[in-house]
Amino acid sequence: MRVGVLTGGGDCPGLNAVIRAVVRKGIEAHGWEIVGFRSGWRGPLTGDSRPLGLDDVEEILIRGGTILGSSRTNPYKEEGGVEKIRAVLADQGVDALIAIGGEDTLGVAKKLTDDGIGVVGVPKTIDNDLAATDYTFGFDTAVHIATEAIDRLRTTAESHYRAMVVEVMGRHAGWIALHAGLAGGANVILVPERPFSVEQVVEWVERRFEKMYAPIIVVAEGAVPEGGAEVLRTGEKDAFGHVQLGGVGTWLADEIAERTGKESRAVVLGHTQRGGTPTAYDRVLATRFGLHAVDAVADGDFGTMVALRGTDIVRVKLAEATAELKTVPPERYEEAEVFFG
């Protein structure tokens, strides 16, 4: 049996750990040939692939990024995309695919399964916003990176007695902002799920200044002010219809400075949250996902995604996995509010 594996969407720490697990178990437990498709769904569209043997994955566990490359290619936006993939798989003798990605990559996997192509999904997103799994790998590393940045920024903020606004990733879900903000002792946390009042933020900030402390504000890139809209870096859309967010941190820092008369700075963590070595937790979770994805392929259980429920790895239908996003519930945000101001 020949099994293909690909990584789609934004990169994140832990992708190589999944690939390593798929190759090791696929070859050693089943005697399969493993084919790595390059650049996400672009690989199966164009036939761009490489064989993956045990030596190819020997040293990749601790590496960030993905040895296969990634892209935001959407085969359903390509003329004859499905038939091109079907032809490539037939030409290369690939019997099944393991697709590692977030909502967009898994959405394509679900459609391909409906079109008769055998696909098993592995959830990947630093945003942790897939509802069918308790956690996705990459999230823990992103929170760790953001928390460390907050710790470092606090000392410079205190030295200059200024407000520091830290913008983190999170288009629709504020899990990184919530977890990193709590772990870093932020004085204000702003998430996409809760439109914020600029007046309230300023009140919290001034309360900190009155106590001679430098306030730390953590804001997700998708957070919006009441009655406002998302701040866009560019209006251009990718193949899945997403615009590029960014800039709410700078906008808010300017508002704070203007309304308080105090110095305020914005720091956008950006792609540092996606890079570098995965945490131990993400390495283990990604490895377990890869092992169980191989089991799903061996069982012919296509149209499913491996997921974490409690401490167990289970399988869920791709239709369930892509039906909705997991956003921060009101009660979780309210837990953090006791620390605001």
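Just so you know, glycine gets a Cβ as well, placed from its N, Cα and C.
In the three-state DSSP assignment, the secondary structure recorded for Asp127 (active site, proton acceptor) is coil. The feature active site, proton acceptor is assigned by Swiss-Prot to Asp127.
The Cβ neighbour count for Gly10 (diphosphate binding site), using a 10 Å radius over every protein chain in view, is 20. According to its DSSP assignment, Gly10 (diphosphate binding site) is coil. Feature annotation from Swiss-Prot assigns diphosphate binding site to Gly10.
For Glu103, the entry in Swiss-Prot reads Mg(2+) binding site, with the evidence type sequence analysis. Long-range Cβ neighbours of Glu103 (Mg(2+) binding site) (same chain, at least 6 residues apart, Cβ-Cβ under 8 Å): Thr125, Asp129, Leu130, Thr322, Leu325.
DSSP assigns Asp104 (site 'Important for catalytic activity and substrate specificity') to a helix in the three-state reduction. Under the heading site 'Important for catalytic activity and substrate specificity', Swiss-Prot lists Asp104.
As annotated by Swiss-Prot, site 'Important for catalytic activity' applies to Lys124. If you draw a 10 Å sphere around the CB of Lys124 (site 'Important for catalytic activity'), it holds 29 other CB atoms from the protein chains shown.
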Cβ neighbours within the same chain of Asp127 (active site, proton acceptor) - under 8 Å, at least six residues apart: Gly102, Thr136, Phe139, Met169, Gly170, Arg171, His172, Ala173, Trp175, Ile176
Number of Cβ atoms other than its own within 10 Å, given for Asp104 (site 'Important for catalytic activity and substrate specificity'): 23
Asp104 (site 'Important for catalytic activity and substrate specificity') and Lys124 (site 'Important for catalytic activity'), Cα-Cα, nearest whole angstrom: 10
